[in-house]
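These come from Swiss-Prot:
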BINDING   10, 11, 12, 13, 14, 15, 16, 17  ATP binding site
C-alpha cells in the first residue's frame, strides 16, 4: 500500500503550521493515519541540522553550505520518517519540502536550479509530493506576522527583496504544474483559509483511501 505525500509551502508568516494541524485533525476524524512532520527537521539528527540552518551566528554561511545542509537533513528525513510512513499507507503532511529549496536557495540565494535538481534526484530518487499546497500572501504581511511571533531566525532576518524572489518562485512553480499545486490565499482570515482547505477534503480522502 502506498500513502499520500502532501507538502505545505509558502513564505514566512503564511500559516503553514497552523493549517497543517487543521488538515491533520480533519483527516484523522475520517479515520486516516496522518504523520505530521517538517523540513528542515523531522528526525533528531535533521532537527540538529535545522538548528544550524536557522540560528543566527557571526560567521556568514556560504550559500552552497546551506544548500548541502538542507539536502543532508532531507536525506535523513526521507530514509527514517517519510518513506516508511508512505510505505505503510499513511498520509504525510510535511511543512516545507524541496519547493522551498528552489524558492529559498534557488531564487533567494541565486543558486543554480540545475544543481538543486541534481541533488533532488540524488536524494529523493523518483519521490515527489502527490499534492503541494502553496500558501501565498504579500511579503510585507508575511514578514509582519513573522515579526509578531518574536525573535527572527536566520532566514526571517532577510529583507523584502529576498522574500519577493521567494514568493515569485513559489507562484511560478505552482503555475507551471497546476495538476500538483493548489494555491491558497493565506492573506485571508484563518476561518476562510480553512474553508478553502475543507473544499479539498473530499478529494484528499478519496486519494488517501486509494
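Just so you know, glycine gets a Cβ as well, placed from its N, Cα and C.
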Sort out the sequence-distant neighbours of residue 10 (ATP binding site) for me: same chain, 6+ apart, CB within less than 8 Å of its CB, listed by position. 16, 134, 135, 136, 137, 170, 184, 186
Can you see whether DSSP assigns residue 16 (ATP binding site) to helix, strand or coil? helix
With the cut-off set at 10 Å between Cβ atoms, which of these binding-site residues ends up with the most neighbours? Options: 11, 13, 15. 11
Which of the listed binding-site residues (12, 14, 16) has the least company, meaning the fewest other Cβ atoms within 10 Å of its Cβ? 12
So what sits near residue 17 (ATP binding site) in its own chain, CB-to-CB under 8 Å and at least six residues off in sequence? 38, 95
Check: same-chain CB within 8 A of ATP site center, minus 10, 11, 12, 13, 14, 15, 16, 17: 135, 137, 142, 145, 146, 186
Assigned conformation of residue 10 (ATP binding site) - DSSP reduced to three states: coil
